[in-house]
Amino acid sequence: MVNFTHVSEFVLLGFQGGPGMQAMLFLIFLILYGIAVVGNLGMIVIIWADAHLHTPMYAFLQSLSLLDICYSSTIAPRALVNSMQEDHTVSFGGCAAQFFFLSLFGTTEAFLLAAMAYDRFIAICNPLLYSVSMSHRICVLLISGSYLWGVVNAIAQTTMTFRLPFCGSNEINDFFCDVPPLLSLSCSDTFINQLVLLGLCGSIIVSTFLIVLVSYIYILSTILRIPTTQGRQKAFSTCISHLTGVCLFFGTVFFMYAQPSAIIFMEQSKIVSVVLSLFFNSLSDT
């Protein structure tokens, strides 16, 4: 496809409102971003410093914490700056870079959560085979594979989206560069792009969610067969942090991409989306 792009920069409209509203949003986002970074960085340091935590389960948690920091840092700094200044422009390359890394970290996180569900499934349903089925090598392969799929999806989405011709308005009605607002700015037919991107992203979300769902069906059935209350509580406690991350991740994805436009006003939707994104990353490893 020949690139007929005539737009050299985009304008992130972000949030509307007076100085008071902008200052309040800035404070809220700054607090949530700080909690996300400090909390996840603390998790990484604690796991790294304690040799007893050098196990597959904590290796996954450490990787998830790193992803959360990266994802938050891709969104929050730009949103914070834009809430305190009038110039909301972002270069074409800068927008593409943000788009790429959001796709990379978001996709990787979906696959990593699925890998963590498999880890909990093996640990609870087949504990005698855990050391074999979840060896250090397999753990590294699962984490590396999650990043690989993230890179593949990010390259596919970024290439298809930013090779479109943008020759009209350059105003993105959002606080970051995302697929729906970018496609709406293209002056060409985006049906094929929407079809391919929907199929690719849909298959990723559905497949990873099904892995999590099936794993936890087996996990819950196994836990319910444990004869003692203490044993059931101990088994379930190892899944709490992962379940929290799963619920927040897929809940955020659903709110941001699957809600009908009539459910919530656009400005409220943008504010809630960024809060959910930062809130998810601040709590997913607690």
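Every residue number used here counts from 1 along the chain in the order it is shown.
Cβ from N, Cα, C; glycine included.
As recorded in TrEMBL:
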- 23-49: transmembrane segment (TRANSMEM)
- 39-286: domain 'G-protein coupled receptors family 1 profile' (DOMAIN)
- 56-76: transmembrane segment (TRANSMEM)
- 96-118: transmembrane segment (TRANSMEM)
- 138-156: transmembrane segment (TRANSMEM)
- 191-219: transmembrane segment (TRANSMEM)
- 239-257: transmembrane segment (TRANSMEM)
Cβ-Cβ under 8 Å with the transmembrane segment (56-76): same-chain residues at least 6 beyond its ends: 29, 32-33, 36-37, 40-41, 43-44, 47-48, 98, 101-102, 105-106, 108-109, 112-113, 115-116, 119-120, 123, 134-136, 138-139, 142-143, 146, 175-176, 238, 241, 245, 274, 277-278, 280-282, 284-285
Long-range environment of the transmembrane segment (138-156) - Cβ separation under 8 angstroms, sequence gap at least 6: 56, 59-60, 63, 100-101, 103-109, 111-112, 115, 118-119, 196, 200-201, 204
